[in-house]
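*Asks:* From Swiss-Prot, for reference:
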TRANSMEM  15-37  transmembrane segment
DOMAIN    58-263  domain 'TNase-like'
ACT_SITE  Arg154  active site
BINDING   Asp159  Ca(2+) binding site
ACT_SITE  Glu162  active site
ACT_SITE  Arg202  active site
Amino acid sequence: MSDIDEKNDTKESSFSSDVVLLSLLISGSTLGAIAGYNRYLKQVTKATDIPNYMFRKRWMYGKVTAVGDGDNFHLFHTPGGIFGGWGWLRKVPKLPKSDSNGLIVSRKKTSNFYSGLKNSYHKFTGSYRYSSEYFLDLKVPYKNLRNLPTVPIRLCAIDAPERAHFGNTSQPYGDEALIWLRNRLLGKYVWVKPLSVDQYNRCVSKVVCWNWLGWQNISLQMVRQGLAVVYEGKTSAEFDREEFLYRFYERRSKAKKRGLWRQRVIETPGEYKKKIKK
């Protein structure tokens, strides 16, 4: 074999090795990109699709597009936020604005002397902030946006008063809890820590959001406001190892007669559900 043939064989062998190496690099990069996308950037559109490794360990980021009750809402998952392309490469839904005054419940303004005196007293003592009137007057700037690929979220550790469903009457402070939650969350971005999936295929979660006071645990805030009680179920209760906090703030709200604890006779959501099932 001549020197020229040997050189050609060497070049062909080197070229083949380079092609194989390049193919492996491209394949590896592609597989790595797919794995990274699935793990960090793939949108979750229902609770049953949440990967097992996320429960109790990782957080989901997204926008609240609908609040249907005092202890649950719908989350439009936006993994990676702006770095995941949301808002410039991937579309984020815009919620329709509510009516000009933003009030959910219309209340007649009465000139009753006693009512005016009572409200003045509540405002003077600071208890007005936890009264039914205060919560009903909260403004909600957006309307719910339905029919989206969203994850239904159930707030962990709490039960809010039941609203009117299937012909059943609403509990006191059911509307107040709904309005407060809409005022606090609707149209905003939140962090959600998945804990479990309940019988209705909702993701029971710890939910936090940012405001000028810092990060706030929404479930805990509802207990502090007197708009929810600590979850009464013996099974499937999720506290994310913070049950003592919820119990402490429930006792405090009860002692200070905040929200639903202002009533003379209390019927908890758990007691109400048992009653209507009979």
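Cβ atoms are placed via backbone N, Cα and C, with glycine included.
I'd like to know what surrounds each of these features in this structure.
*Replies:* Applying an 8 A CB threshold to same-chain residues 6+ apart, the list for Arg154 (active site) reads Asp71, Asn72, Asp198, Tyr200, Arg202, Cys203, Val204, Ser205.
Around the Cβ of Asp159 (Ca(2+) binding site), a 10 Å sphere holds 21 further Cβ atoms from the protein chains shown.
Counting every protein chain shown, the Cβ of Glu162 (active site) has 22 other Cβ atoms within 10 Å.
Arg202 (active site) falls within neither a helix nor a strand when secondary structure is assigned with DSSP, and so counts as coil.
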*Asks:* Would you report the average pLDDT that the model assigns to the domain 'TNase-like' (58-263)?
*Replies:* 90
*Asks:* Within 10 Å of the Cβ of Arg202 (active site), how many other Cβ atoms can you find? Include all protein chains, please.
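*Replies:* A count of 19.
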